[in-house]
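*Asks:* Structure in structure tokens, see below.
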Amino acid sequence: MQQRLDKTHDAHLRSWVESANPVAGVAASDFPIQNLPHGVFRRAGTQEAWRGGVAIGDYVMDLAAVLAAGLLPAMVEDAARKAAAATLNDLMALPAPQRRALRAALSDLLVEGAVQRERTARCLLLLADVEHALPARIENFSDYYSSIHHAINVGALFRPDNPVLPNYRWLPVGYTGRVSSIRVSGVDVTRPKGQLKAPDAPTPTYEPCKRLDYEVELGMLIGTGNALGTPIDIREADEHVFGVCLLNDWSARDIQTWEYQPLGPMLSKSFMTSISPWVVTLDALEPYRTGFARPDGDPAPLPHLWCETMSERGSIDIRLQMYLQTSRMREAGEAPHLISDSRFTDAYWAMAQLVAHQTSNGTNLCPGDLMGSGTLSGPEPLSRACLLEMTQGGKNPITLPNGEQRGFLADGDTVLMRGYCQKEGAVRIGFGECRTTVLPVMQP
Ligand SMILES: O=C(O)/C=C/C(=O)CC(=O)CC(=O)O
Ligand SMILES: [Ca+2]
Ligand SMILES: [Mg+2]
């Protein structure tokens, strides 16, 4: 396995921030010193300026304060200023070696025994005391359809005679999503209204969505872009990805069924997309690189969508989980209940292929652009990563521990997405959470 590991990945590294360290080999936090994800924050309930920070254990390290205290070597100060800004686009735009140098310097500040420990500790704020903004000024958003398990299950519901169309195995199918309604975890979603038409109804009606669904996805935030007219070579594609967050592509299935032919989803998905606040860098994910392969017998990708290194390191072993808590559960103090558990390694299309495909016609990517992986379902029943699939279109509702049932989401439901990477010999790193509560439809 080709892994490009450096000292920041060393599984023996511990931080002087105790909450970041595993306890008896078991992770106590999503944010050990091997992770160092970037996000944008301010103290909750204040009108302070938004600024960039890095998560460590139960804390966020305020990079503006770190810079003001002169704690970083001069060679990474420019990158740190960009990482301390209210949006991280300029950090994302930096060449990968400069971002890696910043990561190494931040690791040096936080490692056990660091000489600047006392002064650095003054730059930490408790995560519990901060609120988040979107990590970047996102100018473009595309959402893909990378899981063939999802495509088969959902396709069977939308197009029983023709679930997976012939293009699926040749190119990563996707649609252009809406940017203005992308929100960070913690922002509630309002149930949309839209045109619905039951198969046997003569005409559509305009009313509240009755089949509100989530989609468990990963979001890729683009680092350096490309010039218009110059495709990104697949061998370079990973270098253009800054990092990964959790993404929930909210979907109104009844609006979707009626509107999507022939141009694809529009209002059924444009009312909101939620992402987690912390962006886990591709550098942090390096120990979790793993091979990527096509199922036997499937056509080999065209040359611009394949390169030699992919079979060795084309995928990343990321686990994704969705939890549901109804308002009754919340009132009774019952914890969110696990409803799906899936893996990015089950995807049919890899990140590098999405980047190469998107730019293959010369389209330019911009730093901070967002690409959704698509719903990351796997082959097992618990790995169906949206309710449409999980309940076969609402026909087989899930039953929660308190006896409540759900075919689709009800008002007051909270969905909570988590993600992590874990394996023998490496430190577990997590993505934090993406949490959203469903509010009733807006009355005109
Ligand atoms: O098969 C269809 O017509 C539509 C499927 C979706 O809703 C998928 C979508 O947003 C892409 C994905 O998340 O995989
Ligand atoms: Ca989607
Ligand atoms: Mg969406």
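Residue numbering: from 1, along the chain as shown.
Using the three backbone atoms N, Cα and C, a Cβ is placed for every residue, glycine included.
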*Asks:* So TrEMBL lists Lys269, Thr273 for Mg(2+); which of Asp249, Asp254, Asp283 goes with them?
*Replies:* Asp249
*Asks:* Would you identify which residue of Asp129, Asp143, Asp317 TrEMBL lists as part of the Ca(2+) site it also attributes to Glu215, Glu217, Asp249?
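*Replies:* When TrEMBL describes the Ca(2+) site, the candidate it includes is Asp143.
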*Asks:* Can you pick which of Tyr145, Tyr348 TrEMBL lists for the same substrate site as Arg159, Gln256, Tyr260, Thr375?
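*Replies:* Only hit among Tyr145, Tyr348 in TrEMBL's substrate site, alongside Arg159, Gln256, Tyr260, Thr375: Tyr145.
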*Asks:* Cα-Cα, whole number of Å: Glu215 (Ca(2+) binding site) versus Arg159 (substrate binding site)?
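*Replies:* That comes out at 19 Å between the alpha carbons.
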*Asks:* Within 10 Å of each Cβ, count the other Cβ atoms, then let me know which of the recorded positions His150, Arg159, Lys269 comes out lowest.
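*Replies:* Looking at the recorded positions His150, Arg159, Lys269, the Cβ with the fewest others within 10 Å is that of Arg159.
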*Asks:* Which site among Tyr145, Tyr260 has the most other CB atoms no more than 10 Å from its CB, taking these as binding-site residues?
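*Replies:* Buried the deepest by this measure is Tyr145.
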